[in-house]
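Okay, structure first, notes after.
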Amino acid sequence: MTHLSPEAFAIIEGRHADPFRYLGQHNVDGQTIVRAFLPEASRVEVVGEHGEVAPLARIHDAGLFTGTMSSMQRYRLRATFGDSVTDLEDPYRFLPILGDFDLHLLGEGNHERLYDKLGAHPMVIDGVDGVGFVVLAPNARRVSVVGDFNFWNARRHPMRVRGNGYWELFIPRARAGDHYKFDIIGPQGEHLPLKSDPMAFAAEMRPKTASIVVDETRLPRPRPAPHDINKLNKPVSIYEVHLGSWRRKDNNQWLTYRELAEQLPAYARDMGFTHIEFLPINEHPFDGSWGYQPTGLYAPTSRFGSPEDFCALVDACHREGLAVWLDWVPGHFPDDPHGLGHFDGTALYEHANPMQGRHLDWGTLIYNYGRTEVANFLRSNALFWLERYGIDGLRVDAVASMLYLDYSRPSGGWIPNKYGGRENLEAIEFLRRTNIDVFGHFPQATTAAEESTAWPQVSRPVDTGGLGFGYKWNMGWMHDTLRYVSKDPIHRKYHHGEILFGLHYAFSENFILPLSHDEVVHGKRSILGRMPGDDWQRFANLRAYYSFMFGHPGKKLLFMGCELAQEREWNHDTSLDWHLLGDARYAGIQALIRDLNHLYRNQPALHERDCDPEGFEWLITDDADRNVFAWVRKGFDERAHCVVVVNFSPNVYYNYRVRAPLGGTWREVFNSDSSHYGGSNVGNVGQVHASEDQHLNLILPPMAAVFLVPEA
């Protein structure tokens, strides 16, 4: 056996940090030396580009071979495995994948298209098909690619490290569909659990965790959504959907992306929604997280199909005229051993100090936004979904937890910023930069913040001191109004201000009024379940509340099942209770939501100035004893008015006077007490004439809302 160098043993033992320095073709003292490590081969030859064939000597039983050629040239390896002989391309003869400019941008944290360079990409180099793998692991001693193409042998394909800690390797004959992971030796020489690719475009179905090679450049591009569908002056009515529980097959199995594409968009369109918002579809290991603890930010979950199948779902939504928003989770990630946590043996993506790096409420890890590579990874992910899948908007989850260093932490359990404050300065900069990038590259797209505090200017431009979001969820409106309608009507007069208060700040942000998944879980009951009174009152209350919501300034969001008046809380493990529609009470609520959506879309006054104080005027605020509110919504046209009157009491009020913004005849275009919705059919016989002193004398139905517009 030949005397071996320490480098040779490092290759054999799978711990060489720079395999290209030893393996492949080298000029040594005027000789062309070729070295290869093929553990399963009994014999290896090198075949030159002009036909030269030279044997390589086996210098170690582990499978290390070496020999000489006449000159430096392109070559391939001819290896004998048992009784078969195979020609192989040597990964260690190819030039680097990352260019100098890429490395420069990566070092700065300014590479806006990480998804073009990092991860696994089918490619052709020097006429050879294969896959290029690139991963960030700056503190690792050694990184190898393991997968279907090398029998998951970490010694077979060690990678080379480039500037700033990016490891890369081109593996010939690897192809789309191959499963792979990264085998990493940490800074102390410790072997880490096999890691999934942070940039993987697909992953195995849980509980398996391997990444899957995808040629995402070949993904079909969904047709675009309607132009300007996200604009402030357009109707935005969002149907929030959890794909795994919207509807299921008879055996309780999920619908696939393509099966959903056949049913969901057409349903949402028929119901009058303008947008569909999916709870996170990024790959995640735990069903019970609903997707909010993702391990694969660049991979649509394989639960429902392939990336191509998800493209088909987005395309079907766009075909029906619907915009598609995704819930996006850049705030935290789970600590599953195959994921981002302790990725290279150090706190790479997270903070090392648990007072900064771990969420106490959720047991998850917090991204280190101050690390340029991490912020770049997340910003690029936002752009990835908009470009590759044609997504129209991102709703950013748990923004408050990102903004505050002391979020849900005890006194002394957090670390102040450099000024001694509680604001997470790096997260603020990250959010602003992300919004600038999104709107800069995709002007038709938008972002929305789930932000539950009074942080100012969330949906105001960055250059005026804002965070730059397109919209903000109005959590205060949701809490106040749900608290009000859950009271017995006899007590509501003492809570009158809970309805009025929201209008004090309704135009301080571009608000979305959310009745989201969070409001129908964890013992809060369903929306219908919060309504007081007997059966008639509960349904009438719900009809009045939904009508109040659609007449109120702000864009709308309803979680799936709210339109069915689900009795039980949402359960992610089962389908919605579609059988309820066999009962006229529940079918009436569905019809109500359908008509409210179409009214909201077709009446400019109800949407054109949703975020503009000039589009709203109170008409009645002081009738607490009768639980009545009235206001007018105004569009840009001087006659685009809609008067909304809501009676949250069980009494009928006759000759109820409401000031009319315009004289003449007013049509009652909507009445939630219609028998069509399950109501008692009390109303105004279709129209009302304004009196000489410009008032409307109305009949107010019980627990109901009426909408009136001026006759054209």
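In case you wondered, yes, glycine gets a Cβ from its N, Cα and C as well.
Now, the feature entries from Swiss-Prot:
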ACT_SITE  Asp397  active site, nucleophile
ACT_SITE  Glu450  active site, proton donor
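Sequence-distant neighbours of Asp397 (active site, nucleophile) (same chain, 6+ residues apart, CB-CB distance under 8 A): Pro280, Tyr292, Asp327, Trp328, Val329, Pro330, Gly331, Glu450. Every protein chain considered, the tally of other Cβ atoms within 10 Å of the Cβ of Glu450 (active site, proton donor) stands at 20.
In the three-state DSSP scheme, Glu450 (active site, proton donor) falls into the coil class.
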